[in-house]
Amino acid sequence: MMRKSQIFCIVCLFFILGVLSGNFLKVDDFYLFIFILFGLIVSIIFRKNKKIFTVGLAAIFLLLGFWRLQVAIIKIDESKAAYHNGEVLEFVGQVIDEPDTRVDKTKFIIGHILAGNASLKGKILVNLPNFPEYHYADYLKIVCELQTPEEIEDFDYGAYLAVQGIYSVCYQPESVGAYDNTSSHNNTAKLLTAYKKFRKQIINFKLQTKQIVDKSLRYPHSEILSAMILGLRRNIPQNVLDNFSQAGISHIIAISGLHITIISGLLMNFFLVLGLKRCQAFWLATLGLVLFIMMIGFGASSMRAAIMGFLVAYGLKEGRMSRSLNSLLAAACVLLAINPKLLLFDISFQLSFLAVAGIIYLGEPIGNFLIKIKIPDFLQIKSSLMMTLSAQIAVLPLIVYYFGNLSMIAPLANILVLPILPFIMIAGFMLIFFGFIFLPFAQICGYVMNFGIGWILFVADKASSMAGSCWQVGKIDFFWIFIIYIFLGWWIWLLNKNTQRI
């Protein structure tokens, strides 16, 4: 007899499959409604027959996932900003997300758009010079030719922006200036909500924190710490970025689902090293995760990754990651119900989901392997390695698919740097705390941290310079990545066939 947890797992998987299939097929809403109604009737009539009931329920959620994706596809009409793509448009809008500052420009996401007397739905990505500076929640008046995002080489830039609800870009505005929102435009746009006011304070706090880090650490160590705890990596030298990529430790400085997943597990292990009980370590790790997400700005992608990171900490608290499978599927379904475009077009979501799945299914066999080769559990080293290697094995095919690099030295490089990562994170938070009280205290802390971050830079440099450390495999057809995951799943099944997983 099927258990409720198994039925729940199947239903979640079919919802995800429905979202996936909705990207490739089109079915009229009327027929979807008929099929869903039929599945509901079958499930009710045969509710005492678990197999038929499960088939009916799975069919319902398959179709619901299909329907949710179709609803999310934007229909461009006169009420949308994207309707004016190809035209020069004069509009007023508000900066609705944290500006993305690059070396030569700053990218702004503009919403609450008013063109003449017409309020337009949607968002516009606008590229502006770094000076004069504009900030989150500012209103801007812009004249620009709107364009439809195009593919960049093999990268579907339009699909990437569509995940964020952006269908128009403005590369070179004809004019731009601050706009007084106390004018008539204020009558058509909502005032800052409590959330926006709070987030604006967080972003300002983040900028102040960056200044403290810059004054407390030498370069490029300050940029590495800023990337690790603030999500700011724009000023890291290109040669350092290349070293991290070739050494297979880019996840350390990339605020991604993989990074946050690993960080949550490392924080959990760090507090266990201090002798705390699992429950106490879990709540402290959760607090650390909240602080971390707050530091990087409460962005939508970071919030999604934080949910996955929370699941890892919870699994470690329970002492058995496999119990987190249904929680992982439930979290994925909720996130996809909110934004179904994440499944195919958001790399961070894909990496975080696969990382947690890897920890759930590969954690135990890899942990047993580490015991066999006598890796010590001093300072939770074995546990941290188990979690990191499990996550990285699970995401490796996808990383190769997206970036075309295969780091052969990654396992060794991670072994050398991961044990000190929690200490650097905790010390980084302490440095920031001291910096707001008395800067010389932060500089003393920074002097010590230079050695830890220097070690990471040293490992990245030496590992990347070794012959054959990184293979450039180029673009791989996704078919082969799919086959690799089929074999990976088969291997996991062989490893766990005698272990109950759900």
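A Cβ is built for glycine as well, from the same backbone N, Cα and C atoms used for every other residue.
Here the domain 'DUF4131' (32-171) has, by DSSP, the following mix of helix, strand and coil residues: 47 helix, 46 strand, 47 coil. Summarising the annotation, TrEMBL assigns domain 'DUF4131' to 32-171.
The annotation domain 'ComEC/Rec2-related protein' is assigned in TrEMBL to 228-496.
If one looks beyond the transmembrane segment (31-47) by at least 6 residues along the same chain, the residues whose Cβ comes under 8 Å of a Cβ in the stretch are 53, 55-57, 59-60, 63-64, 66-67, 70. Positions annotated as transmembrane segment by TrEMBL: 31-47 (among others).
Annotated transmembrane segment per TrEMBL: 252-276 (among others), in sequence order.
Long-range contacts of the transmembrane segment (282-313) within its own chain (CB-CB distance under 8 A, at least 6 residues past either end) are made by residues 97-98, 164, 199, 202-203, 206, 209, 229-231, 255-257, 259-261, 263-265, 267-268, 270-271, 276, 321, 324, 327-328, 331, 335, 342, 346, 348-349, 352-353, 355-356, 359, 387, 425-426, 429. The feature transmembrane segment is assigned by TrEMBL to 282-313 (among others).
The transmembrane segment annotation in TrEMBL covers 351-371 (among others). For the transmembrane segment (351-371), same-chain residues at least 6 beyond its ends with a Cβ under 8 Å from one of its own Cβ atoms are 256-258, 260-262, 265, 304-305, 308-309, 311-312, 315, 321-322, 324-325, 328, 332, 382-383, 385-387, 389-395, 398-399, 492, 495-496, 499, 501.
If one looks beyond the transmembrane segment (383-403) by at least 6 residues along the same chain, the residues whose Cβ comes under 8 Å of a Cβ in the stretch are 245, 248, 251, 258, 261-262, 265-266, 269, 272, 312, 347, 350-351, 354-359, 361-363, 366-367, 370, 375, 377, 410-411, 414-415, 418-419, 473, 476, 478, 481, 484-485, 488. What TrEMBL lists as transmembrane segment is 383-403 (among others).
Residues annotated as transmembrane segment in TrEMBL: 409-434 (among others).
According to TrEMBL, the transmembrane segment annotation covers 441-458 (among others).
Per TrEMBL, transmembrane segment is recorded for 478-496 (among others).
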Spatial neighbours of the transmembrane segment (409-434) far in sequence, C-beta under 8 Å, 6+ residues away: 209, 212-213, 216, 225, 228-229, 246-249, 252, 263, 266-267, 269-270, 288, 291-292, 379, 381, 384-385, 388-389, 392, 441-442, 445-446, 448-449, 452-453, 455-456, 459-460, 463-464, 466, 469-470
So which residues does the transmembrane segment (252-276) touch in its own chain, when a touch means Cβ under 8 Å and the partner is 6 or more beyond its ends? 224, 227-228, 231, 233, 236, 241, 244, 282, 284-285, 288-289, 292-293, 296, 302, 304-306, 308-310, 312-313, 316-317, 347-353, 355-356, 359, 379-380, 383-384, 387-388, 391-392, 395, 417-418, 421-423, 425-426, 456
State the mean pLDDT for the domain 'ComEC/Rec2-related protein' (228-496). 84
